[in-house]
Every structure is written in C-alpha cells, then in structure tokens.
Amino acid sequence: MKGLKRLFTFAVSIVLISQLVWAQNLNQYENHWAAQHIQKWMDNGWIKGYEDGSVRPENMVTRAEFTAMINRTFMFTEKAGMEFSDVKKSDWFYDEIAKGVKAGYLSGYEDGSVRPDKPISRQEAIYAIYGIFEAEGIEEYTLLVPEIMDYNDVSRWAAEAVGFGFENGITTGDEKGYFRPQDNITRAEAIVMIDRAIAHMEMERERDRDREPQDMDKEQEQEREQEREQEREELKAPEGSFDYRAVYIIEKWVSGGDVYVEFEEYDEGLFEVKVKDLEFDEIDEQRPYIVRIKSDEMELIKDEDSNKFDIVYGVVVEKRGDIMEIDPTPSNGQDDVVQLNNSGSNTVLYEEDDDKEYEDISEGDYVWIVVESSTRPRVIEILTDDELNEDRDEPPYSDGY
C-alpha cells in the first residue's frame, strides 16, 4: 500500500513538473507579439523547445532550420537526389534539404554549396516561400508595393518574391514601413511568415475549388470550339453563290457573337455555315428549311411577299396522274394524308438535277419533297427502306418556314 502511495505521489509529481515546465515555457513568450502563432506551432508539434525547455523566439534561424520548418508545416515528404558540397548523409538536415529540393523551393549556390548553417535573411525566407507558390502555378508578381520604405535594399532576384509576400499579406514591414530584407529572420518572424503562407495557400485552394465548375465549363466550351475548328474544313459549305436549297438543320450554336448551324443536304453530306441576319431563337433545330447560301453564309428565306414553302416527307400511299397522296406519319396508324398536285404552275425554288422526276415516284416510296403552296412537288430524294428505317418513327417533316 505504501509502495502504491509512493508511486501515486511520484506520478503526481511528474504531472506537476510537466505543468510547471509548460507554464514556464508559456511565460517565455506569452507577452511576445507572436505568442499565438508560437503556441499554435507548439501544439501542432511543428516547433520544439531547446534542451533547457526554452523557445527563444528572437534567435536567428539557419537555412537548414527554416527548411525543416517549411517541410513540417507544408508536409513535404518526398526527397530528391542531391550532391551539395557542404551536406553529408550523416547531417541531421540531410533529409530536410532533400525534401526542400524536391518541393522546388530550395536550391544551392553557384559554388555547389547550400550553406545549411548560414542564418537565413528575411528576403531569402520569402523567396523560398514564393518558390512553393510558384510550384503551385500562381501568377507572378513583378513589382514591389510602394509602401516598402527600403525597397532599394531588396536584391533584384528577390524583388518579385517580396512583392508577392506584401501583396498577399504573408510578410509586412515594421511600424515605420521598413522590410529589412537583408536582416536575418528570427524564429518568431519565420513562424509567422510560414503561418500566413499556409493560410494564403488554403485560401487559394478554396478559391480554386469554387472556380472549378466554371473553369470546367469554360474548358469544355473551349475544347468544343477547338473540335469545331478542326472539323470546319470538312464541314465547310461549298464556296460560291447558290440559289435555293432544301436542307435539314441539325444543330445551332453561337461563337464569337455569330450564329452558326450544322445542316445536312441529301446527296451532299454535312455542312457548317454562319447564319446571316437571323437571331439564335429564330432557328429551330431538327427541322428542314429552304435556304440560300452565299460566301459561306446561310440566309434563311422568309419573304413576306412570296408564297409559303413547305417540305413534305413521308410514304406515298396513292398516286394517280398529277395527284399524289403522302402520309407523313405512317407509324401512328392514322390517315394524316397530304395531297399534292403536280399540275400547278408555281415554280419550286430548289435547283436539282433533272434525273429524278415526278414520274420516278411509285406508291410505297418514302420521299422528301419541296413544294410551294402545296403544289407542283419536285422529288428531292427517293430513299430506300433501309435508309429510312431509323427515321420513320420521327419523320423530319415540317409545315414550312
């Protein structure tokens, strides 16, 4: 029982001593300007005290120590192969230097050294942090903010990094507006600078996540436009001046403020043209039109003084002399018959080879016919049953335009 009591007393003593040491450590920097940042780092295990338990926030930081601080906070673990003249595998900082090189923010001097024990200056510190953000693909900053009183003391190679640091609140000047770029950075200053860099990194990543859907939409639109550009030569409508054509509009879109359509002309294939003097909403997709094409621009014909054009598609159910009856919806079982009279005097506004005449049509044929005022049909195409097999349920006929 006495042994248990002594053990309990010993355990309590350890706890009390630990609390005392923690309180003494806290007292070392509780009134320090960077106290909150230091405590955060202590809690996360990103920084440790010295052997005597002190933190020494005003101590200088070496290049190796600063590298280790960055690696812990940014969680860099991958290592690069390296050969610096002043770094040996037995050195405590060997792995830390290898991680910094791999992450892309640390490089050596021209003489092949990395000078790990050299105190790191304030401009060198922000330069290393800037290297991390460069690896993340941020935009470059080329000018220093004018508030820096001693901007002439900033080395040319560090100017961009210092400008980036001030622009994003990662580093600031003192109460008099001096950055002191050549001064060695203290442990407290290094902690705060890295802490702010982490916060800015998280903000940038959050912003990227918010922009991602919009960026994806833009990228998809750009990819779509690039694909269209690649296909444009293949789909380009024949050049020159054409009179009237019967076409079937497949798709419409807007590019560069202009309206474009892809259309199909039987026996000719697919084409793509810009639409002239017509709004996007005035065009219906998946329907036929009478059009005129000139200089790679399509003009949809809609003359108020002319008779109405009509495009009829369906199966010929009866033909007797100049009278022909066409069922445009043969699949629905109803008699939706369109009667056409070939004896009218109106001219069909469609130029077509004369090898397909009215006499070529037989009952049971599926036909695509352009007519004016439902008179004087002209055969555009006589398609076989196999060619029309997929179209019969939804025939591409129209009541005209």
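Using N, Cα and C of the backbone, Cβ positions are placed for all residues, glycine too.
Residues or ranges marked as signal peptide in TrEMBL: 1-23.
Residues or ranges marked as domain 'SLH' in TrEMBL: 21-79 (among others).
What TrEMBL lists as domain 'SLH' is 80-143 (among others).
If you look up TrEMBL, you'll see 145-208 (among others) marked as domain 'SLH'. Broken down by DSSP into helix, strand and coil, the domain 'SLH' (145-208) contains 37 helix, 2 strand, 25 coil.
Taken from TrEMBL, the feature region 'Disordered' applies to 203-237.
In the domain 'SLH' (80-143), helix, strand and coil residues by DSSP number 24 helix, 2 strand, 38 coil. Across the domain 'SLH' (80-143), mean pLDDT in this model comes to 88.
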